[in-house]
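Quick notes on the structure that follows.
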């Protein structure tokens, strides 16, 4: 589903964020992405979202090589990728329902369809009762769950999360991780960037570890060759 | 818009009613347009003072050239009216007798370009001159009548253009016994030259002011883009196309244009109403039927459409400059 082939990302001559990163994630696989801050976790996620383009190598998502993707095609790729942020990026000028409905709105889904799918997503994260509230009235954990509902409302095959549990206490974090686990069970490829070593150990999943832009563990399982497995 | 493969692969839930998918797509597309249009209008209403100020700026900038154009059209109407009443005066040589003048008069009347000829004989002319000039005593000293027989020629409708009248003048000048032909078109040509010049100046002004309107709207829309930055970033993040993200701002521009056009119309009607009294009095003094006409329905409609197009264009400029290079990359966190 996601494949990096010899990907290098250089911002300018003296700052290289990623060096020859190789790895592949299968459909329905859940993996953690870890490393010290500045190791290139966000850059890696941005490459998948086509917010950045690699300096060398190829990024493949859903069988499509993103390097040569024309600019106008980018939105259609993003519709297949759900993203969850640490600061969840919710809009406080609209209700929980309208926040979650945004990915459907940009796709031009019909209102009937939108209502059904938004409620399904909110039900999944346990916030069906709060659809009419403003996200500001919700707790941190609830806000994060609204963010997750928004990320999965259009059933994307890929789900990325950048420090999704950064601000949450361990019990809430476990809840959220549980949700991610459920998504991977229904075939969604989930990649979670996190510092939270305890959580990673608890989950016991594949872990990609970055160190100064190099992938030191957990690389290349699809392409074969190189260091593989955890 | 959304060629979403997963939508197609869903179980045939949508098939319970006879609604083809493309029709549903089109419906939701128009629903979205309507929603965005309403939402942008509501946002303008929510800031009535700021919106009204923008509308007024735009209204003034639009009303000025339109008022000048109206004035110009009225002036051109006046000169056209005078042109149609242009008369050619032919003075017969002094030694030509009245009978010969009558023959000349009939000859000219027979020409296709001439609507009518009036013969003023020299005695009649002297009598009129004596009556109107107040120079009776001076005239008494003259032995002979110094005035010639005169023909007042009214050209046919079709020959009332400048070229037509000039051709007619050449024809009459060529006749035997005609001393001089006079046609007072000089001042008319000057007026025409002046209105032509004025027309160019007005159009130049109109273009400048239209550019100003585009820039004002562009700047206002830029501020609105800044204030909705988060929303734009999230929309781009979840796969909103450029046209999706632009749409609300383009509608905002069009609504600014609509308001500006309406303000311009109101300003025009008010100034017309205010000026109508003095203009009537002035025109009365010149015995002219000059009147300053307001915009008709189609003119008003055209003004509003042009205003909306300018607003839309202004929004487009802002959107092109500020929205397209806004990328969600910077909200993706650090690390």
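Quick reminder: no glycine exception, Cβ is built from N, Cα and C everywhere.
Here is what TrEMBL says about this protein:
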DOMAIN    B:87-181  domain 'FtsX extracellular'
DOMAIN    B:204-319  domain 'ABC3 transporter permease C-terminal'
REGION    B:1-24  region 'Disordered'
TRANSMEM  B:52-72  transmembrane segment
TRANSMEM  B:197-218  transmembrane segment
TRANSMEM  B:254-275  transmembrane segment
TRANSMEM  B:295-319  transmembrane segment
_Secondary structure content of the domain 'FtsX extracellular' (B:87-181), with strand meaning DSSP E or B_ = 44 helix, 22 strand, 29 coil
*Given the transmembrane segment (B:197-218), which of the listed stretches B:52-72, B:254-275, B:295-319 has the most Cβ pairs that are under 8 Å apart from it?*
B:52-72
*For the transmembrane segment (B:52-72), find every same-chain residue at least 6 residues outside the stretch whose CB is under 8 Å from a CB in it, and list them.*
195, 198-199, 202-203, 205-206, 209-210, 212-213, 216-217, 220, 256-257, 259-268, 271, 292-295, 303, 306-307, 310-311
*asked:* So if I exclude everything within five residues of the ends of the transmembrane segment (B:254-275), which remaining residues of that chain have a CB under 8 angstroms from its CBs? That is, six or more out.
replied: 40-41, 44, 51-52, 54-63, 66-67, 70, 213, 217, 220-221, 292, 294-295, 300, 303-312, 314-315
*Summarise the domain 'ABC3 transporter permease C-terminal' (B:204-319) by DSSP state, stating how many residues are helix, strand and coil.*
100 helix, 0 strand, 16 coil
_Model confidence over the domain 'ABC3 transporter permease C-terminal' (B:204-319), averaged pLDDT_ = 89
